Amino acid sequence: MIRHDYSRVEPKRRANIDPKKRQFAKAEYAQQDYKHRLNFYTLPPTAEITLEEFETWAINRLKVLSELEACSFRNRSPEETAEYMTSILNKYLPLRANTSRGTNLQEERKRDHYSHFILRLAFSSTEELRRRFSHLETILFRLRFREDDPRERQGFVRSLDLEWEEVGDDEKRELRDQMLAAIGSKREEEQDWFKVDWERVPELVSQRKVLLKRGMAYVPAKEQTSLVVAEFTKRLDEQLELTARALPRLDEDDRLAPILAHLSQSFTAPEAAYSSSDANIDGLSAINSGAIDTLSQNFPLCMQNLHMTLRANSHLKHYGRLQYTLFLKGIGLSLEECIIFWRRSFKLMTDDKFHKEYKYNIRHAYGDVGGDSNRRGRGYTPYSCQKILTEPLPGPGQAHGCPYRAFNVENLTGLLQRVGIQDREVLQGVKEDVKKQRYHVACNRVFEFAHKKEIKKVKDEGTWSATDLDTIVHPNTYFKRSWLLKHLGDGNAGVVSGDKMEE
Amino acid sequence: MPHSVTPEAIPAVEQLIAKSEPGTQDMAMDDAPSAEVEDKAKVNLEDLFDDEDSDEEFASSAPVKSEEDASQPAATFKISDKSQYSDPDVMRAFYQRLFPFRFFFQWLNHSAVPSNDFAHREFAFTLSNDALQRYQSFPTADLLRKRCIADTPPRIDIGPVYSTNPRDRKTLRKASAFRPISRELVFDIDMDAYDDIRTCCTGANICQKCWAFITMSIKVVDVALRDDFGFKHVMWVYSGRRGAHAWVCDKRAREMDDSKRRAVYGYLELLKGGDQGGKKVNVWRPLHPHLERSLSILKEHFQTTILAEQDPWAEQNSAHLLNLIPDTKLREALQKKWDSSPGRPSASKWADIDSVAKSGALSKSSKELLEAKQDIVLEYTYPRLDADVGKKLNHLLKSPFVVHPATGRICVPIDPRRVEEFDPLSVPKVTELLVEIDEWSGEDSEKKIQDWEKTSLKPYIEYFRVFVAGLLKEEKEKGGIKRERDENGDVMEF
């Protein structure tokens, strides 16, 4: 069915030992010789290391990966990420080129190798963890690949033995114009081209950056990175799948298991940025469907936009409803009230149609119906900015997503003015943020402007700590903070208690 | 009235209320739950019987019904045009006499010998009370047929092939042992997406004018799938009302994972941004060969369909067109011109852009204006795919050849080589077809003539037969030695 050709270790490289003695036998290639800085992590390590090394190496790599994840959440460009990561990589996971004068190249590479495999063990248990691990390892690999010495990189790529067919001269002449148009290049520079099955470069296909002909993608040599990285991810995904299946058979005592469990736990999911405590806001009594109109003043722009669209059209399309429903759930609207809210909002619709076609989805979002796991998990979690920003852009007639990202500048400015942001300077700042694709910065800018007075007050009085005023990365955090700030005098201390806001 | 519901339908395990978007053809249920809604099931069953009882009011349907065995076309009852299209009697006759189960089976099974490709495939039945039964599966075409005749589902959806039989999914020790492993790459083009530029009809209505949107979309997507991605077995199907589906059946396409499906969609998608996003086309120059080719296909349609027929910028509606023109000076000149003569049709306005630009009201280069005009052509004509249908392996899509419950039309294949000739309004309705069978006056020669051959459904089923034969041939060639051995014996007939 599915073949794992790549994932098999070559028979002659396998540790050929009598299974009965395996535990005590010496592997034939205990110490690997690392010729290249980069590593596809095909061969598992076999040498012995101490428990302490096991843990520290893994933790160091984990630190690097978490920083990388933070970079991708903050929407940093590859260059900014590279710059930011340099010092962190040097500290926790140095990996120098052959040409460098470093004396312990082998030791560095060994750590890189071993820590990768330890984390692989720790993060193979669930689909979610595997996906994130593979995503982050891919970013790390790409980062290192870009920075590698060109000659060494070439040597490394050659050693991988990937099957790429070079485009012959005749074909090159025939297709040159099309190939150049496909990569968006106007210059007529000579370069080498590879021909591969398009499935091997889905990234380039998806962005329409290569020429496709009869199922083959014509990839310019400079896109080699993309090919190698895709191959890296593909192999890693396969290997993780295999690791996951082998994991239950890891007949382990209590030395490694706790370390592994601990490692995967400390790698908390970004979705946890929403904590259920966000729904319990001091001083805000149980919300009912009638209160939404008033509360919508405290909503972030994405939700205000949905609310206004809903009021204007008495309807929202599927993804708009989903995004809004989850947000409302997140601010503490109960299922019953939520159904009432939608029923009243869809003024032009018959009861019959509503019950038939809409009610189920609301209940599903709350986990009231649906499969076992849905009900146990109480439906979906409210969407974070990260989630909203990485979803595809809304299509015609749709109003979901992040307005900072989906709207053009004129319409965005118009919308901001409608919700009361008139200040020239702020609008200009938003414009620049948006141009740099820093949508959450724009959103936080608007928040700070709209709550300028209150923020100053809590800062002066010292009632809120710096973490309470950290960058907002979740629409529900936006609401909670906004509501608390606007109700400072209403008998609540305005302390954001208990909830940890992670980035 | 005897319950023509087979016992297996009664402990309906998962009956879910259909939760489709209004108007969309396909249900968004990628992670739709498989819950047992027991209280619901009870209600649904009552409804079901209500429906059965109400049969009596259709006086024209004689009570003679051949229950299970339909191979004897003994049942003779007249259906008048007035019957509701999804009436159980109409449906039963349809499944007994018209639905091409044999080719349907071969299509999904990829061989004449029953295999897991068919047996592990999910089917979802929408019953006449709108309840949805998911995870149905059938080892053979005959069993599927029997079930269809018994339950008379007005709609059948096709899901993926699973790693185990979908019926057994709850008995598995581990939930992960039940996962989708293959399905056709599918596309859905729906008129919904064109509502902002369609002027001739609204909502569920269509006419030949707006069908042109679907025609040009099929042209653009079809050639990209074949020439660029190298797929050979692409079947286009009329969705029964106002859209079309594509089923890419190549083995290579069926085995794609979600990320590859997303890549294909990314390659084909062009228009980005919601209603507030402003300009929807943002592309690099030089144009990617796929876009260059699409543009040359679409140019012609822009002249006829958009400028002449849809006339989207007539009267006061030219604001959007003006917004798309990058040159402020030109924009103002045009605005003035159009304000003074509000009656100008879209074609004249389109021509005005060049003529006003030539007269000197252009501050940018003519190349930029040309590019902006190209972008406008693309915005108004480029295919608008419903992305959610095809990006996931486990999405359901309505099966070909079922009856659309609202229009009564059959979801027939569309030949992409003759897509211009296809007229959705002349697609046969189920009731017409049943009348055609009855009125057929030819003679049964030595070879038995199938009921569908007596009707205007014949050319469509012929097309399907040839399509399936082509697919099977390739599967056999690629299947290698193992398949060959099976084929040595007589080919099994169904």
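Positions of Cβ are set from backbone N, Cα and C atoms, glycine also.
Since this is a predicted model, take the numbers as computed values, not measurements.
Per TrEMBL, the feature [4Fe-4S] cluster binding site maps to A:Cys302, A:Cys385, A:Cys402, A:Cys443. Cβ neighbour count for A:Cys402 ([4Fe-4S] cluster binding site) (all protein chains, 10 Å cutoff from its Cβ): 24.
Residues annotated as domain 'DNA primase large subunit C-terminal' in TrEMBL: A:297-479.
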Residues near the [4Fe-4S] cluster site, A:Cys302, A:Cys385, A:Cys402, A:Cys443 excluded, by Cβ within 8 Å of the Cβ center?
A:Pro300, A:Leu301, A:Ile388, A:Leu389, A:Pro403, A:Tyr404, A:Arg405, A:Tyr439, A:His440, A:Pro475
So, three-state DSSP: helix, strand or coil for A:Cys302 ([4Fe-4S] cluster binding site)?
helix
Look at each of the binding-site residues, A:Cys302, A:Cys443, and point out the one with the fewest other Cβ atoms around it within 10 Å.
A:Cys443
Integer mean pLDDT for the domain 'DNA primase large subunit C-terminal' (A:297-479):
87
Chain-internal residues, separated by at least six, CB under 8 A from A:Cys385 ([4Fe-4S] cluster binding site)
A:Cys402, A:Tyr439, A:His440, A:Cys443, A:Ile472, A:Val473, A:His474, A:Pro475
